[in-house]
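Quick look at what Swiss-Prot lists:
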| type | residues | note |
| --- | --- | --- |
| BINDING | His95, Cys99, Cys102, Cys109 | [4Fe-4S] cluster 1 binding site |
| BINDING | Cys147, Cys150, Cys153, Cys200 | [4Fe-4S] cluster 2 binding site |
| BINDING | Cys157, Cys190, Cys193, Cys196 | [4Fe-4S] cluster 3 binding site |
| BINDING | Cys264, Cys267, Cys271, Cys299 | [4Fe-4S] cluster 4 binding site |
| COMPBIAS | 947-964 | compositional bias 'Polar residues' |
| DOMAIN | 3-79 | domain '2Fe-2S ferredoxin-type' |
| DOMAIN | 79-119 | domain '4Fe-4S His(Cys)3-ligated-type' |
| DOMAIN | 138-167 | domain '4Fe-4S ferredoxin-type 1' |
| DOMAIN | 181-211 | domain '4Fe-4S ferredoxin-type 2' |
| DOMAIN | 257-313 | domain '4Fe-4S Mo/W bis-MGD-type' |
| REGION | 252-984 | region 'Formate dehydrogenase' |
| REGION | 940-964 | region 'Disordered' |
Amino acid sequence: MQEHLIVSLDGKDYLVEPGTNLLQFIKSQDTFVPSICYNESLGPIQTCDTCTVEIDGKMERACSTTIDRPMIVNTQNDKVQASQKEALDRILEKHMLYCTVCDYNNGDCEIHNTMDQWGLEHQTYEYKEKPYEKDYGPFYRYDPNQCILCGRCVEVCQDVQVNETLTIDWERQQPRVIWDNDTSINDSSCVGCGQCATVCPCNAMLEVNMEGNAGYMTDLEPGSLAAMIDLTKKAEPGYGPLFAVSDSEAAMREERIEKTKTVCTYCGVGCSFDVWTKNREVLKVQPQHESPANKISSCVKGKFGWDYVDSDERLTKPLVRKNGQFEEVEWEEALSVVAENFNKVKGTHGSDGLAFISSSKATNEESYLMQKLARQVIGTNNVDNCSRYCQAPATKGLFRTVGHGGDSGSIEDLEIADMVVLIGTNTAEAHPVIASRIKRGHKLYNNTLNVFDIRKHEMAERADNFYQPKPGTDLVWLSAVTKYIIDEDLHDKAFINEWVNHFDEYYKSLAPYTMEFAEETTGISKDALIDFAHQVADAKSVSIAWAMGVTQQDIGSDTSTAISNLLLATGNYRKPGSGAYPLRGHNNVQGCSDMGSMPDQFPGYQKVTDDEIRAKFEREYGETLPKQVGKDNHQMMEGIHNGEIDSLYLYGEDTGIVDSNINFVQAALEKVGFLVVQDEFFTFTATYADVVLPASPSLEKTGTFTNTERRIQRLFQALEPKGDSKPDWQIIQAVAKAMGYDWNYTHPSQIMDEIARLTPLYSGVNYDRLEGYNSLQWPVAEDGTDEPILYLEGFNFEDKKANFYPLTFDNFFKVNEEYDLHVNNGRLLEHFHEGNMTYKVPGLEYKVPNAFVEVSPELAEDRGIHEGAEIKLISETGEVELVAHVTDRVKGKEIYIPLNNNAMAHGDHGAINLLTNSDVDKDTDTPSYKRTSCRMEVKTRRGKSPLNPTNFRVNKQRQPQYSVRVQDKWKREDYTFPGSQVDR
């Protein structure tokens with residue numbers, strides 16, 4: 001194959017790699033060619049025809065041309081200019097230029113910029129208004145009269161987000177973008193990701209927060225705005241002066257609209273984007289092509305879920321309980337109360353009488369300081385974080401087998417994998433951008449998708465194969481498949497011989513896991529499992545992703561271990577598109593654990609029981625540190641009940657709602673002698689507090705998050721803290737100072753420098769290396785070299801070999817006659833966990849106003865209930881009252897309750913954890929949230945559906961297709977390729 005080809009561009013020769021896109025090459029040479037429909041994140045769409053150039057004497061679109069031979073390319077001759085002028089005129093026939101009073105006059109309008117740069121002064125064709133009104137959804141709106149039919153929105157919806165809602169109806173006399181089978185935005189299958197607005201080159205698709213808000217004259221009434229547009233156009237003899245005026249107005253906007261790079265504060269994907277703010281209002285969230293985890297992708301929460309930041313419900317002053325009532329106080333008094341009571345408890349109960357719960361919503365720097373406060377200032381290892389509730393078992397399984405507690409590759413590996421296996425993860429709703437990558441690989445590249453889950457969610461519906469095992473039995477089918485692969489000599493012997501220990505011992509341990517035992521135990525047929533085993537063995541690369549459906553079981557650690565065993569047996573580590581992907585639930589649950597907010601580990605998973613490691617931290621901290629392992633979250637609650645713990649300091653976590661068996665937890669919160677809650681809002685847990693400290697959300701601070709793929713990214717402060725609230729790092733430092741320890745940090749970068757000194761995983765991390773959209777995936781060497789794919793140089797053990805880990809199974813879960821229903825639970829796309837943030841976003845609350853319970857059609861028939869029935873669910877630990885949604889997403893006696901209910905603080909009774917019990921994973925103390933059974937009492941047999949009828953889950957009809965179907969445009973009688981027109 002040739003290394004380079006000669007391309008003559010406007011008379012100058014260049015050496016170009018074969019396969020290079022011609023338009024990108026032209027742009028790389030600083031040669032201007034208009035390209036309004038082209039977006040580097042989307043690739044060629046071929047709808048606008050503006051990028052036409054002459055190639056070897058023939059007029060062709062540059063965007064869809066691959067350099068596969070020597071070429072002579074001309075971008076400047078008369079024919080090219082005439083063709084481009086014709087294409088630009090056709091665009092202005094569809095789009096009225098009124099830039100100065102346009103909401104999108106922000107310097108990014110590609111129509112404005114293209115016309116200006118091309119030098120177009122007058123349009124040939126008069127603008128034609130279309131017979132369509134604007135269409136508004138809760139988050140964005142569509143203006144057909146400004147739409148140029150470039151198709152970017154369709155491309156991103158169909159082939160990037162892969163929600164498959166948008167199409168262009170090319171059959172109409174005047175084509176337009178349509179939703180589903182031609183319904184409104186609000187009544188469609190649209191999930192509100194907003195990517196259509198992200199990629200729109202003009203003001204046709206626009207965030208509703210931008211409309212009337214962005215410019216100096218954009219808030220005019222429609223009639224006045226129309227008059228202003230007419231006046232402006234009549235006053236200017238050509239577009240040049242008009243553009244000059246609008247450019248001046250755009251520059252004025254830049255003075256009052258701040259654009260700040262940040263990282264999303266919701267799930268663990270780690271989407272980064274620019275957030276546009278005016279005063280304290282978030283106008284727009286704009287992902288960038290260089291965003292490392294998400295590119296241009298977003299979900300409804302990341303794109304539109306920011307209203308909570310300026311909510312009137314934000315805490316803005318410290319609160320201290322006095323005579324049973326909370327009173328606002330100044331920081332000095334609040335900190336004095338905290339220090340006095342910490343010292344008091346330490347004096348009466350010792351250092352281990354205090355406990356600390358860190359937040360997976362906070363930054364790495366803040367999580368680091370929380371464990372430092374516990375260990376250096378107080379002298380206890382009683383510190384933990386919410387990874388205990390979800391991800392600790394996955395980390396345990398990976399530490400056992402491969403040595404690092406994190407994803408073995410990157411998100412992009414899930415897109416390029418030959419096969420993706422999803423186990424116990426509702427990825428489309430819990431990790432939407434990752435789901436989009438998987439859906440894209442499945443749709444465009446024909447990658448195989450296998451889903452194992454007890455619930456038929458979207459990914460299950462899309463899968464090539466969907467398997468529904470009995471609850472809690474994943475370890476069995478995983479081990480049976482691994483055994484079958486080895487029995488049939490399908491395992492990767494060369495990989496095992498070179499890279500894995502303990503094969504013989506492990507193979508012997510698989511003896512009980514016959515296909516017959518697996519079929520009987522899991523309910524999946526032997527034939528289906530054998531077929532799956534062959535698929536795994538034959539695939540070039542396999543990636544397995546899992547989440548809380550696996551980890552929140554009595555044997556979550558063992559099942560996670562079984563996943564890694566299967567990957568090792570088939571050689572699916574150490575190469576692109578392969579490996580283990582425990583999908584982290586929170587924006588920084590990975591980082592919070594990395595930072596040592598755990599009872600047994602310092603930052604970087606360095607054990608507190610290791611004398612050498614502990615001595616290193618003692619030298620840094622100047623104190624003797626405890627060597628005994630502390631209490632985890634679960635043990636803290638027990639410690640309060642039995643009198644061992646009398647003070648608890650937690651931040652960024654609503655423990656009284658999110659922990660399992662919350663009747664038990666709430667009793668502990670009531671009993672503990674001194675409780676400090678640090679949060680953005682007065683949470684349910686705060687009702688038990690003695691002191692409440694007002695904290696700042698991510699937009700009001702600087703720091704770093706580490707996402708599910710071990711990617712460390714900086715977030716930059718976009719807003720000043722509201723009222724007297726403070727970033728968590730400042731509050732924790734102030735608590736330490738009140739206790740007599742002056743840390744003297746003036747910026748989070750200093751904290752990261754300290755982390756890097758002490759933590760080999762982060763040794764090369766500093767803020768300079770994370771400037772802008774730069775990121776690093778740990779482990780990071782001192783020179784800044786990171787590892788997007790783990791284990792290329794060997795596994796994280798002394799001998800560089802992984803370990804097979806034998807497992808046993810005797811954990812049969814069965815409901816009994818009294819509690820005959822199995823309760824599953826998890827996230828909804830629109831809300832994040834209990835909803836403390838998302839219920840303060842009107843559009844999200846509108847789409848899903850309350851939690852509910854999914855009931856199967858067969859169970860509904862058996863109990864004589866219908867949509868909207870009010871039912872009471874009763875378990876051994878508590879009861880809830882919910883409204884039923886009847887759906888085939890669940891089957892039989894499986895029911896599903898979303899997590900999104902924080903309403904107990906308002907007197908409601910829908911929180912899932914009133915039903916869950918205190919059972920835990922035997923190795924990590926992670927609550928067995930998924931191992932819950934209950935019985936049902938019917939209060940009313942039918943009623944109003946708990947879902948808004950506009951919700952995408954309610955009988956919506958997606959319209960899958962590939963790209964924008966531009967060929968249908970080309971077939972229209974009124975279409976002629978401009979290049980052909982000038983060739984005549």
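Positions of Cβ are set from backbone N, Cα and C atoms, glycine also.
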Cys193 ([4Fe-4S] cluster 3 binding site) sits from Cys271 ([4Fe-4S] cluster 4 binding site) (Cα to Cα, rounded, in Å) at a distance of 12
Going by Cα-Cα distance, pick out whichever of the binding-site residues Cys190, Cys193, Cys200, Cys264 is nearest to Cys99 ([4Fe-4S] cluster 1 binding site). Cys200
Other C-beta atoms that fall within 10 angstroms of the C-beta of Cys264 ([4Fe-4S] cluster 4 binding site): 30
Cys102 ([4Fe-4S] cluster 1 binding site) in three-state DSSP notation: coil
So which residues does the domain '4Fe-4S ferredoxin-type 1' (138-167) touch in its own chain, when a touch means Cβ under 8 Å and the partner is 6 or more beyond its ends? 36-37, 39, 41-43, 45, 47-48, 91, 94-96, 111, 129-130, 132, 175-180, 185-186, 188-208, 211, 296-297, 300, 303-304, 436, 439-440, 443-444, 842-843, 846-847, 958-966, 969
For His95 ([4Fe-4S] cluster 1 binding site), find which of the binding-site residues Cys147, Cys193, Cys299 come within 10 Å, Cα to Cα. Cys147
List only the single closest residue to Cys147 ([4Fe-4S] cluster 2 binding site), chosen from the binding-site residues Cys109, Cys157, Cys190, Cys193, Cys264 by CA-CA distance. Cys109
Cys147 ([4Fe-4S] cluster 2 binding site): tally of other CB atoms within 10 A of its CB: 22
Just give the helix, strand and coil counts over the domain '2Fe-2S ferredoxin-type' (3-79), going by DSSP. 9 helix, 26 strand, 42 coil
Tell me which of the binding-site residues Cys109, Cys193, Cys196, Cys264, Cys267 ends up closest to Cys153 ([4Fe-4S] cluster 2 binding site) in space, Cα to Cα. Cys196
When the Cα of Cys299 ([4Fe-4S] cluster 4 binding site) is compared with the Cα of each of the binding-site residues Cys157, Cys190, Cys193, Cys196, which one is closest? Cys193
About how far apart, in whole Å, are the alpha carbons (Cα) of Cys196 ([4Fe-4S] cluster 3 binding site) and Cys109 ([4Fe-4S] cluster 1 binding site)? 14
In the structure shown, which of the binding-site residues Cys102, Cys109, Cys150, Cys190, Cys200 has the fewest Cβ neighbours within 10 Å? Cys109
Considering only the binding-site residues Cys102, Cys109, Cys157, Cys193, Cys200, which residue has the minimal Cα-Cα separation from Cys267 ([4Fe-4S] cluster 4 binding site)? Cys193
Near-site residues: [4Fe-4S] cluster 2, ref Cys147, Cys150, Cys153, Cys200, CB cutoff 8 A to centroid: Ile148, Leu149, Gly151, Arg152, Val177, Cys196, Val199, Pro201, Cys202, Ala204, Met205
Taking only the binding-site residues Cys190, Cys193, Cys200, Cys264, which one has a CA atom nearest to the CA atom of Cys109 ([4Fe-4S] cluster 1 binding site)? Cys200
Looking only at the domain '2Fe-2S ferredoxin-type' (3-79), what is the model's average confidence as pLDDT? 96
Could you give the number of helix, strand and coil residues in the domain '4Fe-4S ferredoxin-type 1' (138-167) as assigned by DSSP? 11 helix, 5 strand, 14 coil
Please report the Cα separation of Cys193 ([4Fe-4S] cluster 3 binding site) and Cys200 ([4Fe-4S] cluster 2 binding site) in Å, rounded to an integer. 14
